[in-house]
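Colleague: Submitted below is the structure of interest, expressed as structure tokens.
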Amino acid sequence: MKRVVVGLSGGVDSSVAAYLLQQQGYEVIGLFMKNWHDDSVTISNECPWLEDSNDALLVAEKLGIPFQTVDLSEEYKEKIVDYMFNEYEKGRTPNPDVLCNREIKFDVFMKIALSLGADYVATGHYCQKSEIEVDGKTVYQLIAGNDVNKDQSYFLCQLSQEQLSKALFPIGALTKPEVREIAAEMELVTAEKKDSQGLCFIGKVRLPEFLQQKLQPKEGTIVQIDKNDPIYNVEKQAGLSLEEELKIESQKLNYRPEMGKVMGKHQGAHYFTVGQRKGLNVGGTTDPLFVIATDVDTNTIYTGLTSNHPGLFKKALFVGNSEVHWVREDLKLKEGEQMEVMARIRYRQPLQKATLHQFANGMYVHFDEPQSAITEGQFVAWYLENELVGSGVIS
């Protein structure tokens, strides 16, 4: 009988995952990860983990499976929280959920599970796994969840073959309503519980306040750039190589404060991210202002009016070689090769047609249509049909 450790988070998805595995004849152990209890950085004023670990315990009791709590707050702080601060400090916008899956759930947590004699680790993610044979070797595929509204394959875009080989996603073929229905039939305490939001396993987080505890506020200016600024109408040079063209298309525009008018003050450029409109606190404009760029060196935020301001859109992005990750290592591009894919630059974005171009120092992702708010530090993930085959950090 195969043994599976389920990461019980105290939510409905992982509860139903545990139940389904039990139905399939696995020996199931429930493990709750405690990821946070550093009082020096308060992340929010509620403490959901007590309630969550209690719900996880009640589910385990109801299913009659062994249950224990593991404290991963040290690893979490080192791998996730410090990474977030460092990224924000550099003016990049991290994605802690993607990292949490790679570094915590499918690494630290997985090692604990394997030390308990588990054959697999299961989570309540809406995604699927299948396997094929390539050159006589088993290759694992990361497939999107059947529920289009809930597909979470994007959050798993950094997993390796090794991690996938030991992972199970029992609810990947179900929709959210079906999952809730099973939980209700089984009278699981989590059946009606609403979905957790935000930072994986820490509950709700209010970012600027959380950041202010480590990154000191410093006042800077908010500058508005006109949509007709000449920076948006640069003539295309003739005779450029494909790589040079892609480089220009993916580059950050070089804004300077004197190009626009000062609209107000802010408390630190590193608290803002491209595409953001809340929190600018600038009045007196007919249309909403959006952040089109931040400059942490001069501590300036550049903004534009409306969500179709040209400063928000780009057709290409670059991923440095060290940050290109292939889930399907067998499909990895060699220098000079290209691949047509469907890609997304954020969770739940509808998939976009794009072409990957691999060069000596990294990869360009070139989209058929201009993309809004391509954000440094976020992950781009690429798919072949419904299979996520690779990802990278937008640089």
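Every residue, even glycine, has its Cβ placed from backbone N, Cα and C.
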Colleague: Which of G64, G91, G117, G124 shares the ATP site with G7, L8, S9, G10, G11, V12, D13, S14, M33 per Swiss-Prot?
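Modeller: When Swiss-Prot describes the ATP site, the candidate it includes is G124.
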Colleague: Compared by Cα position, which of the recorded positions C100, H125, Q378 is the closest one to D13 (ATP binding site)?
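Modeller: The smallest Cα gap between D13 (ATP binding site) and any of the recorded positions is with H125.
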Colleague: Quick check for the class: what is the C-alpha distance, in angstrom and rounded, between H125 (site 'Interaction with tRNA') and S9 (ATP binding site)?
Modeller: 11
Colleague: Pairwise over G7, L8, S9, G10, G11, V12, D13, S14, M33, G124, annotated as binding ATP, what's the top Cα to Cα distance to the nearest Å?
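Modeller: It comes out at 16 Å between the most distant Cα atoms.
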Colleague: Which site among G7, G11 has the most other CB atoms no more than 10 Å from its CB, taking these as binding-site residues?
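Modeller: Answer by Cβ density within 10 Å: G7.
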Colleague: Provide, as an integer number of angstrom, the distance between the C-alpha atoms of S9 (ATP binding site) and C100 (active site, nucleophile).
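Modeller: Per the Cα atoms, S9 (ATP binding site) and C100 (active site, nucleophile) stand 14 Å apart.
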Colleague: What is the separation, in Å, between the Cα atoms of Q378 (site 'Interaction with tRNA') and C100 (active site, nucleophile)?
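Modeller: If we compare the Cα positions of Q378 (site 'Interaction with tRNA') and C100 (active site, nucleophile), the gap is 14 Å.
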